[in-house]
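K.L.:
Here it is, the structure, as structure tokens.
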Amino acid sequence: MDLRELVSALNDFAPLSLAESWDNVGLLVEPSPPHTVNTLILTNDLTEEVMEEAVQKKVDLILSYHPPIFTPLKRVTWKTWKERLVVRALEHRIGIYSPHTAYDAIPHGVNNWLTKGLGGCTSVPLHPSTAPSYPAEGTHRVEFCTDTEHLDVVLSKIKDVQEISCLTTFPARVEGEEQTRVTLNCSQKALLEVVALLSQNSLLYHKTEILLLQKPLLPHTGMGRLCTLSEPVSLSDITERIKSHLKLPHIRIAVGMGKTPESPVKKVALCAGSGSSVLKGKEADLYLTGEMSHHDVLDAVANGISVILCEHSNTERGFLSELRDVLATHLQNKINIIVSEKDRDPLQVV
């Protein structure tokens, strides 16, 4: 596949608009076009070891879940390991693409894969995603009615206000009188000016309605998951299920205040990677994530919530095998997709 065609297909698989605003997602390194992709390698982290593996296997594109370029690079030299990744990629005509939190949000993404380690359950996003393109303009809608005598004056003043869109008028009958209903979309800043303008006429102002334009939620899409188990299981049992799913001999656990390893677990709040900000304040029997700060763990435990930590990338890496198969279908088996053998968590228990 041509690189640009492939990138378009990857963006269809997981729209980048679903990624968090602080993230750096999409095509990060692009060889000069045209660039044909025959082999794509999947990795959780793009390290120098993984880059050498990509070179040896003659890969044309690296899909790295974590973006290897996050903070801006001021230069591209041989001095730092992240700069060297870019140098090596361009030398060998290898593109680099990162989806990161877009894959966290999608219904068929990382967090949904993590829920499979719990056993039978239903899940909903902890922080649902909203539709990216609706409403198209403005944050508020203003509606008011005015008589024909004042209509032209009011409209001329409103049209002078910046950041107003979708201004429409149509006949209306209010309390038996023929009037004109005016609707408009505006930004938060413009709203203050519109309200100030309308408040100059008390009769007009009292017939004004202001609506907050909220984007509709996307079903089954968003950050984190709140999982309700089909049947309650003990904390010790759910621990073994998670270890088995992640193929880990050891995980870390903090037992909630007043709980024991035999206490029942019915609701699990989870977030792959570093989940403190997503999980904080959520009601559940158990928090499952890769890493949390010491003080956030203490807060959860004090509130009777047990915590399981598996290390950051251990809650993500296992998804790659499932992703390989799903992407192959999505891309109609047009390219060879492999999973890195060198990608691994940098931490180990000794």
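Glycine is no exception: its Cβ is also placed from the backbone N, Cα and C atoms.
The divalent metal cation binding site annotation in TrEMBL covers HIS66, ASP104, HIS312, GLU316.
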K.L.:
Quick check: with HIS66, ASP104, HIS312, GLU316 left out, which same-chain residues have Cβ atoms within 8 Å of the centroid of the divalent metal cation site Cβ atoms?
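P.N.:
Same chain, not in HIS66, ASP104, HIS312, GLU316, Cβ within 8 Å: ASN44, TYR65, HIS100, VAL110, ALA272, GLY273, SER274, GLY290, SER313, THR315.
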K.L.:
So if I draw a 10 Å sphere around the Cβ of ASP104 (divalent metal cation binding site), how many other Cβ atoms end up inside it?
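P.N.:
By my count, 29.
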K.L.:
Near GLU316 (divalent metal cation binding site), which residues of its chain come within a Cβ-Cβ distance under 8 Å, counting only those 6 or more away in sequence?
P.N.:
ASN44, TYR65, VAL110, ALA272, GLY273, GLY290
K.L.:
Within 10 Å of each Cβ, count the other Cβ atoms and name the one among the binding-site residues HIS66, HIS312 with the highest count.
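P.N.:
Counting Cβ neighbours within 10 Å, the top one is HIS312.
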